[in-house]
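This is the structure I want to talk about, given as structure tokens.
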Amino acid sequence: MQITFLGTSSGVPTRARNVSSVALRLPQRAELWLFDCGEGTQHQILRSDLKVSQLSRIFITHLHGDHIFGLMGLLASCGLAGNVQRVDIYGPSGLNDYIQSASRYSHTHFSYPIKVHTVRPGVIYENDEFTVTCGLLHHRITAFGYRVAEKDRAGRFDIEKAKELQIPPGRIYGQLKRGETVTLEDGRVINGAELCGPTEIGRKMAYCTDTIYCDGAVELAQDADVLIHEATFAHQDSEMAFQRLHSTTTMAAQTALAAGVRRLLMTHFSPRYAPGNTIELKDLLQEARAIFPRTDMAYDFMTYEVPRRREPVFSSVSSSSV
């Protein structure tokens, strides 16, 4: 599970930051999932090492322009390139109307299947490896956060030990790898769990934007390996945050702390905190770390490899930039 930030600015792009989009690359499935698709997202993908041909799912949090204005352009380009098999899009009520209207008035025809799923709180997608759930956030319009949970899997199978026990290879190995108990032809009963290493705990990612501090975000982020949370405002601008129903750095950090996450990655920063201003982005990072030390500030094209629990969890962010 590798996260790439394609846009980390709120509202409008800046010279250094595009508007909201986050890519989740799943190498084991050769799939690419997007979370939000602000204007210019396809340009950001082209500037990265991501493969648009692997795009299979897009999750939209809400229908504000800085989160959806890049959607139609990306979908249309995928059709012209002819290298996308199918795209499933998940989002709030009204998303399908937006796509249908835009395609009708622009005479855009897609050469591949697109399925729009109107989401409600709960499980919205599941396969043999992942479960995706969504929950309501607290914003000016209906907004959803998303949680991607990788399923636990059996530990590494000890083939050498199986050979020592003279267990015949083949279908039985598959059963033992899954931790099943198998009776051999000679009558021996083999417990697969005894031939496997420790269970590999599935990784969890939560994506919460746009929102003010709310229980819904805490619930989605519970015990996550990484929480991506908006931090539009500095703490001293909390009055504006309450008026516009956006989060401050301290709200993002409090969410991470309450949810017991392992890493907080802040995004969706107001352009008002540009270098040279009274408050700069580095100040926002210090505010959050005062509450939740394991915080980093995302920047465009930053990648983060979500570590497995058996690996070190504090050394997976590429070099920082604010």
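The backbone N, Cα and C atoms fix where each Cβ goes, and this holds for glycine too.
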D66, H67, H268 bind Zn(2+) 2 according to Swiss-Prot; which of D128, D210, D215, D223 goes with them?
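Zn(2+) 2 site check in Swiss-Prot: besides D66, H67, H268, the record includes D210 out of D128, D210, D215, D223.
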For the Zn(2+) 1 site that Swiss-Prot gives with H62, H64, D210, which of H138, H139 also belongs there?
H139
List, in sequence order, the residues of the same chain other than H62, H64, H139, D210 whose Cβ lies within 8 Å of the centroid of the Cβ atoms of the recorded Zn(2+) 1 site.
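The surrounding set, listed in chain order, is T61, L63, H67, L137, R140, I141, A143, T209, T211.
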Reported as an integer number of Å, what is the Cα distance between D66 (active site, proton acceptor) and H139 (Zn(2+) 1 binding site)?
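It is 14 Å, counting Cα to Cα.
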Cβ within 8 Å of the Zn(2+) 2 site centroid (D66, H67, D210, H268 excluded): which residues?
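Nearby residues not in the site list: S10, G11, V19, S20, D36, G38, T61, H62, H64, T209, E230.
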Tell me the Cβ contacts of D210 (Zn(2+) 1 binding site) under 8 Å, same chain only and six or more apart in sequence, or just say none.
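For D210 (Zn(2+) 1 binding site), the qualifying residues are S10, T61, H62, H64, H67, L137, H139, A143, E230, T232, L245, H246, H268.
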